[in-house]
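Copied from Swiss-Prot, the annotated features are:
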- 12-18, 42-44, Arg258, 284-286, 324-326: GTP binding site (BINDING)
- Asp13, Gly42: Mg(2+) binding site (BINDING)
- Asp13, Glu14, Gly15, Lys16, Asn40, Ala41, Gly42, His43, Thr127, Arg141, Gln179, Thr194, Arg256: IMP binding site (BINDING)
- Asp13: active site, proton acceptor (ACT_SITE)
- His43: active site, proton donor (ACT_SITE)
- Thr252, Val253, Thr254, Gly255, Arg256, Arg257, Arg258: substrate binding site (BINDING)
Amino acid sequence: MPSYIVVGGQWGDEGKGSVIAYLALKDEPEVIARGGVGTNAGHSVFINGKKYAVRQLPTGFMQTKARLLVGAGVLVDPEVFFHELEHLKDFNVRGRVGIDYRCAIIEEKHKQLDRSNHHLHEEIGTTGSGCGPANADRVMRRAKLAKDIKELEPYLTDVAAEVNDALDDGKLVLIEGTQGFGLSLYYGTYPYVTSKDTTASAIASDVGIGPTRVDDVIVVFKSFPTRVGAGPFPTEMPQEEAERLGLVEYGTVTGRRRRVGWFDFEFARYSARINGATMLALTMLDKYDGEAFGVTDYDKLPKRAKEFVEEIEERVGVPVGLIKTGPELEHVIDRRENI
């Protein structure tokens, strides 16, 4: 069975959580591993009308048959980790989750520095979760690791070994990325970026698999891209225009209002290229065309919505395999068998 990576193609908040949740339930992967930076990114999913938000654990938690893993490249905040174990107790997460023993730890001092540093908090617009300072400590080889935290002992494992063993055994592995391409430390709008790379290559490294073991890369794009905090946003629209279009959103972690823009085809093409996208997922098509809300058959999409999808495929050069037409898990058009 294959492995596939899901990453964001813009500045985060693309709707990766809803795409991952759909794949987790539809494809029934036996292992779901989270890469990415740490607790600075929140993923939200709606299940039976109830909203669940996670910052530490894999977003595919609702697939109760899956082993849930947090890769060595991910920063762990024990406070957030144990909160989410309790928050998701209805899904028996506690008995299924494993943290790589090499994960670096976010301490209270990291969060305090993140929030008090003028450059990070006021100019860059950090989430204040402590990820940047914690990653800096890791680079300086002075960060604590998960194996140093007694409370985490029951959950420690070698994630890289587990993931590769699963692939050797023919199991389906879903790998989650966080944030988005535009926030990559290397390829994003530096210095208004996160504290490490966020591309598919980095996410694979985070969980310990080599590039030849990745079968598909799904890059997620939002019909109207958004951005939280400072930094260039070439296609940004005025707040008044966003309000007129009903595009008022707030960040999962920070609660700050998101900046909204028009779809940037050139940026999307570059993002898809660097990520090595084999397929795109498009979210919030119903915001682009209200008549697309809840549609699950591509042939039944209204003309305007369908033309938008086709323009993305033509100009980005990658097929759109998944389309979200609403917030619920079932609001999906799945075209993967046809591409």
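Using N, Cα and C of the backbone, Cβ positions are placed for all residues, glycine too.
According to DSSP, Arg256 (IMP binding site) is assigned to coil rather than to any helix or strand.
Close to Ser18 (GTP binding site), meaning Cα to Cα within 10 A, are the following recorded positions out of Gly42, His43, Thr127, Arg258: His43. Take the Cα of Thr127 (IMP binding site) and measure to each of the binding-site residues Gly15, Arg258, Thr325: the nearest one is Arg258. In the three-state DSSP scheme, His43 (active site, proton donor) is classed as strand.
Taking Cβ-Cβ distances under 8 Å and a sequence gap of 6 or more within the same chain, the neighbours of Arg258 (substrate binding site) are Asp13, Thr226, Arg227, Val228, Glu249, Tyr250, Gly251. Taking all protein chains in view, 25 other C-beta atoms sit within 10 angstroms of the C-beta of Asp13 (Mg(2+) binding site). Among the residues Asp13, Glu14, Gly15, Lys16, Asn40, Ala41, Gly42, His43, Thr127, Arg141, Gln179, Thr194, Arg256 said to bind IMP, no two Cα atoms are farther apart than 34 Å. Around the Cβ of Arg257 (substrate binding site), the same chain contributes Val248, Glu249, Tyr250, Gly251, each under 8 angstroms and 6 or more positions distant in sequence. In this structure, the binding-site residues under consideration are Gly12, Gly42, Gly255, and the one with the smallest number of other Cβ atoms within 10 Å of its Cβ is Gly255. DSSP classifies Asp13 (Mg(2+) binding site) as coil under the three-state reduction.
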